[in-house]
């Protein structure tokens, strides 16, 4: 007697909107509402050695989907230490809330500049979480 037919995964569907592919991207999610954090200012900087000075590389605002254009386009990344600075207090104030964290800084190291990196940020007025995304 034969068993049930084997399950096969459906073909992968690509979403309707194309996003530019960059070597470093981010997005921000408001976990208090479960919605994207739109109109949040952020900056990217790279640590310069010697002297441990930060050099700003990009400034962005998140769009209605909580995303922005790539912070480092393909071919622009270099191995090193980087910092994403998110202006969370101004974002929360624009929604009528106060925030325990006036800003969030995520410091990370790029070891392989050929890899695409995605650094999401999940925020609420009293907490934040980040991780290395795909």
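These residue numbers are counts, starting from 1, taken along the chain as shown.
Glycine is treated like the rest: Cβ placed from N, Cα and C.
TrEMBL lists 27, 67, 131 with the feature substrate binding site. Just so you know, the Cβ of residue 67 (substrate binding site) picks up 19 other Cβ atoms within 10 Å once every protein chain is counted.
The annotation domain 'Transthyretin/hydroxyisourate hydrolase' is assigned in TrEMBL to 19-133.
Under the heading region 'Disordered', TrEMBL lists 1-21.
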Within 8 Å of the Cβ centroid of 27, 67, 131, the other same-chain residues by Cβ around the recorded substrate site are 25, 26, 28, 29, 66, 118, 119, 120, 121, 133
Record-annotated substrate contacts 27, 67, 131; largest Cα to Cα distance in whole Å is 15
Sequence-ordered list of residues in the chain of residue 27 (substrate binding site) that lie 6 or more positions away and have a Cβ within less than 8 Å of its Cβ, or none, is 36, 62, 65, 66, 67, 68, 118, 120, 121
Mean pLDDT across the domain 'Transthyretin/hydroxyisourate hydrolase' (19-133) comes out at 93
DSSP composition of the domain 'Transthyretin/hydroxyisourate hydrolase' (19-133), residue counts helix/strand/coil, works out to 7 helix, 52 strand, 56 coil
